[in-house]
């Protein structure tokens, strides 16, 4: 059984924790914004600065794609949008028109109509984590790590994860796949299949 010390060391969320976080984010006066913000950040592995700088022009709802401007000299690229992301974006963008400075180029606005800051994003995620009853201290970068671990757990190729997250150095990506216990499943069965005189 994992204790609180283990949870403090863990810097990613499990599938069920992500679901709880999204459910908590989808409440309150800014539910549409906070849910969309959290969902996109997890699905695409956004850094806080990247999601806060997301522009309206980066999103094409008809083509169902989003352009990711990676920071820290990462590789920028275009990602497909899932249907639930398209719906979340449509919901938020329709409500966004009632915010001050709705003509702004930035996708996510504060209640005063300013571009959402990293500090505000941190507060949103931290508050959602608390409302979800999660035992971890939640911060935005955990969503990026959660994306990497989720892809690795699904057996996605390391090189593809590297491109998806915009890593220039694959060593940053290997960290996700190296922690995936699933890659070892059946390893002894495969070994027995290759050797006539197996030990086990």
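Placement of Cβ uses the backbone N, Cα and C atoms for every residue, glycine included.
Annotated features, as they stand in Swiss-Prot:
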ACT_SITE  47  active site
ACT_SITE  72  active site
ACT_SITE  141  active site
ACT_SITE  144  active site
ACT_SITE  167  active site
ACT_SITE  176  active site, O-(3'-phospho-DNA)-tyrosine intermediate
DOMAIN    8-189  domain 'Tyr recombinase'
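Structure with Swiss-Prot features highlighted.
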| residue | record | Cβ neighbours (10 Å) |
| --- | --- | --- |
| 47 | active site | 20 |
| 72 | active site | 10 |
| 141 | active site | 17 |
| 144 | active site | 21 |
| 167 | active site | 23 |
| 176 | active site, O-(3'-phospho-DNA)-tyrosine intermediate | 24 |
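When the CA atoms are compared, the active-site residues lying within 10 A of residue 141 (active site) are 47, out of the candidates 47, 72, 167, 176. Straight-line distance linking the Cα atoms of residue 167 (active site) and residue 176 (active site, O-(3'-phospho-DNA)-tyrosine intermediate), rounded to a whole number, equals 12 Å.
When the C-alpha distances from residue 47 (active site) to the active-site residues 72, 144, 176 are tabulated, the minimum falls on 144. The DSSP secondary structure for residue 141 (active site) is helix. Geometry remark: residue 176 (active site, O-(3'-phospho-DNA)-tyrosine intermediate) versus residue 144 (active site), CA distance 11 Å.
Over the domain 'Tyr recombinase' (8-189) the predicted model carries a mean pLDDT of 90. Each residue contributes its Cα atom, and for residue 72 (active site) and residue 144 (active site) these two points are 14 Å apart.
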